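K.L.:
The structure under discussion is supplied below as structure tokens; questions concerning it will follow.
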Amino acid sequence: MNDLVIQNIKELVLPKKTDKPLKGKALDELEIVENGTVVVKDGKIVYAGPHTEEYEAEETIDATGKVVSPSLVDAHTHLIHGGSREHEMSLKRQGASYLEILEQGGGILSTVESTRKASEDELFEKAEHDLLTMIHHGVLAVESKSGYGLDKENELKQLKVSNRLAEKYNLDMRHTFLGPHAVPKDAESNEAFLEEMINLLPEVKEYADFADIFCETGVFSIEESKRYMQEAKKHGFDVKIHADEIDPLGGLGLAIDEDAISADHLVASSDEDKKKLKDSETVAVLLPGTTFYLGKEEYADARGMLENDGAIAIATDYNPGSCVTNNLQMVMAIAALKLKLSPNEIWNAVTVNAAKAINVDAGTINEGDKANIVLWNAPNHEFVTYKYGVNHVDKVIKDGKVIVDRDLSLK
Ligand code: NIG
Ligand code: FE
């Protein structure tokens, strides 16, 4: 006997299972089945496709008028952090830029202070709330970075919280060591601090899958980023980089040369570097929610990257300074408006390609896959990328069990 059948699905969204990230035109290819059925047994997908026969199951969900898809993947978050930075809003109103606030000891460094002050349990509780909010918005696979400790004790504290969350909720989480995220005010020099972070690599390996660095004016240079990435690879890490977020330093080209699993942000990447995407499997993780929140006019050139046959994914970059939302649906809508991506491209960018950017087996609901599924209160798949700022989730199903069932009736 099957455990669960979801039937009468108005639109069933079926991203293609592939070994490699979808590149260029392939990102626009997405199977949409009308009148679909999904069958689940023992937490796994038995069938997902057009309705062809009646299935018996312990539980049946009627998805009339709804969209059903794999659960989403958020491939770039700074989930674990102390405090918040609403006080920076007035600095921004007075015209201070993101890098100016950081240079004055605010920005990332202000979150470092709050994160150092918080106990592991306090950080856990705060991140747990944020993670549960993400799950309520349809996300079941998450990448989570450190980078607000900037010393051994506090970087490990963040990574431990991330690992504890993954274990408690049995989630597809990936943990990233982002020790070189900023240079502490009391550091002897950038180089000395970078060496300190490089020396931590063997110790944090137990808790982290990836190593990441913030390559930016006033933070870490291309040469420093290259050295860090090469050292991290020697210690068995796959590498990532915050690249070309504000200034065009060439981080995308470096990521491709170093065979990074992803290069993230890429707002200011050069045309020359974008061309290199063609012969690379590095996933360009674009974070349009950040560009929106930083109030920039120029967004990452997603269309140009796809024309160069690149692989792109979309993620939130959730953090307390440059993108304060952990609602990936909101960022999907910003991607539609500002990156000029099609609904098909966006769905693939937050499922299969996001999964490739963090090396998780997620984002598809083919036979044999984990039954991680979202039912959407939406008449078609385009609707989710069109109506922004609200939660379209009806139900979230994890390993075949309904874990979120949103009831809009009032108490
Ligand atoms: O990806 N730019 C570097 N890191 C984050 C922001 C972190 C923060 O402002 O606290 C980002 O945008
Ligand atoms: Fe980030």
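Just so it is clear, glycine is given a Cβ too, placed from its N, Cα and C backbone atoms.
Any TrEMBL annotation is an automated prediction that lacks curation.
So TrEMBL lists these for the protein:
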type: DOMAIN; residues: 67-402; note: domain 'Amidohydrolase-related'
type: BINDING; residues: His76, His78, His242, Asp317; note: Fe(3+) binding site
type: BINDING; residues: His76, His78, His242, Asp317; note: Zn(2+) binding site
type: BINDING; residues: Arg85, Tyr148, His181, Glu245, Ser322; note: 4-imidazolone-5-propanoate binding site
type: BINDING; residues: Tyr148, Asn319, Gly321; note: N-formimidoyl-L-glutamate binding site
K.L.:
Looking only at C-alpha atoms, tell me how far Arg85 (4-imidazolone-5-propanoate binding site) is from Gly321 (N-formimidoyl-L-glutamate binding site), rounded to the nearest Å.
P.N.:
6
K.L.:
Consider the binding-site residues His76, His78, His242 and say which one has the Cα lying nearest the Cα of Ser322 (4-imidazolone-5-propanoate binding site).
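P.N.:
Nearest by Cα distance to Ser322 (4-imidazolone-5-propanoate binding site): His78.
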K.L.:
Between Asp317 (Fe(3+) binding site) and Glu245 (4-imidazolone-5-propanoate binding site), how far is it from one CA atom to the other, in Å?
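P.N.:
So the Cα of Glu245 (4-imidazolone-5-propanoate binding site) lies 12 Å away from that of Asp317 (Fe(3+) binding site).
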K.L.:
For the recorded N-formimidoyl-L-glutamate site formed by Tyr148, Asn319, Gly321, which further same-chain residues have Cβ atoms within 8 Å of the site's Cβ center?
P.N.:
His78, His81, Arg85, Gly107, Ile108, Thr111, Gly147, Pro320, Ser322
K.L.:
Pop the Cα-Cα gap between Tyr148 (4-imidazolone-5-propanoate binding site) and His76 (Fe(3+) binding site) into the table, whole Å please.
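P.N.:
On Cα coordinates alone, these residues lie 15 Å apart.
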K.L.:
Filter the binding-site residues His78, His242, Asn319, Gly321 down to the ones within 10 angstroms of His181 (4-imidazolone-5-propanoate binding site), Cα to Cα, kept in sequence order.
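P.N.:
So far as Cα distances go, the binding-site residues lying within 10 Å of His181 (4-imidazolone-5-propanoate binding site) are His242.
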K.L.:
Less than 6 Å between Cβ and the nearest atom of ligand 2 is the rule; apply it to the binding-site residues Arg85, Glu245, Asp317, Gly321.
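P.N.:
Near ligand 2, sequence order: Asp317.
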K.L.:
Checking proximity to ligand 1 here: which binding-site residues out of Arg85, Tyr148, His242, Asp317, Ser322 have their Cβ closer than 6 Å to it?
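P.N.:
His242, Asp317, Ser322, by Cβ distance under 6 Å.
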K.L.:
These are the binding-site residues: Arg85, His181. Which one scores highest on other Cβ atoms within 10 Å?
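P.N.:
Result of the Cβ crowding comparison: His181.
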K.L.:
Going by DSSP, is His181 (4-imidazolone-5-propanoate binding site) sitting in a helix, a strand, or coil?
P.N.:
coil
K.L.:
Near Gly321 (N-formimidoyl-L-glutamate binding site), how many other Cβ atoms are within 10 Å of its Cβ?
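P.N.:
Its Cβ shell of radius 10 Å holds 22 other Cβ atoms.
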K.L.:
Taking 8 Å from the centroid of the Cβ atoms of His76, His78, His242, Asp317 as the cut-off, which other residues in that chain fall inside it around the Zn(2+) site?
P.N.:
Thr77, Lys145, Asp264, His265, Leu287, Thr290, Ala315, Tyr318, Asn319, Cys323
K.L.:
For Glu245 (4-imidazolone-5-propanoate binding site), just count the other CB atoms lying within 10 A of its CB, please.
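P.N.:
Glu245 (4-imidazolone-5-propanoate binding site): 28 neighbouring Cβ atoms within 10 Å.
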K.L.:
Among the binding-site residues His76, His78, which residue has its Cβ surrounded by the fewest other Cβ atoms within 10 Å?
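P.N.:
Output over binding-site residues His76, His78: least Cβ neighbours within 10 Å is His78.
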K.L.:
How far apart, in angstrom, are the most distant Cα atoms among the 4-imidazolone-5-propanoate-binding residues Arg85, Tyr148, His181, Glu245, Ser322?
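P.N.:
Across Arg85, Tyr148, His181, Glu245, Ser322, the widest Cα separation comes out at 20 Å.
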